Amino acid sequence: MHSLEKVTFEDVAIDFTQEEWDMMDTSKRKLYRDVMLENISHLVSLGYQISKSYIILQLEQGKELWREGRVFLQDQNPDRESALKKKHMISMHPIIRKDASTSMTMENSLILEDPFEYNDSGEDCTHSSTITQCLLTHSGKKPCVSKQCGKSLRNLLSPKPRKQIHTKGKSYQCNLCEKAYTNCFYLRRHKMTHTGERPYACHLCGKAFTQCSHLRRHEKTHTGERPYKCHQCGKAFIQSFNLRRHERTHLGQKCYECDKSGKAFSQSSGFRGNKIIHIGEKPHACLLCGKAFSLSSDLR
């Protein structure tokens, strides 16, 4: 095996322009961060030295990656426009060296289940391959091309994934429970619920998680970090979701309304509890007497 040298984002990068980034919704951007950090974790486990660039630090902190370039890209000077556009591109590519061993297997890599042809050699990247495995033998500068429509697939985070356009449905199905997903990343994450796999472990307490984002969130409980602060009352939270939920208490918003009783709730947990009461489900059973309850609070 070749020696594993220091790798940076700039070595091999497939980029998104500002316009493409703007077209991605919040879930796609979150998926991008999770995928990139997972790929970084894989490379570290294989012995690569990862250079912590500005973009990686931004990823780990969950910050918005695009803050510049909106005005500069309209410059009339073609050379300056090209240089600035390149400067403000966003790296969207796993950090992998061209000379790495092709015999390495990455079970946790993203699996491509649509046939794509790689431009460098014309090899097929079918469902048995992975994005990272394919890129081990190429420079990463040329995108995969869909055989069905001939358009380039920069990666799974394109505003409209080519696979979904061709099939017009949920193309990735679990072979254990038949639950289907529009993205193979979500399918792989779902399969962990069947296997019990928890690849991301906290180095302080040993608690393990299925997603690296959950591990990062957990680590903040050790450090006491609460980066999300309410501007009205000053209360701080570990997760942005909890801050948004808290802000609804100031606004009096109740986003979840029961279609049977008309009762509204500010939190989805209260809405789900109300729904369980309507259908008569009692999922929380006492281990001592067997009596069951609709709400976990009633069991306690």
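The backbone N, Cα and C atoms fix where each Cβ goes, glycine too.
Swiss-Prot lists zinc finger at one of the ranges 72-94, 95-117, 256-278, namely 256-278. Taken as a whole, the zinc finger (172-194) shows an average pLDDT of 84 in this prediction.
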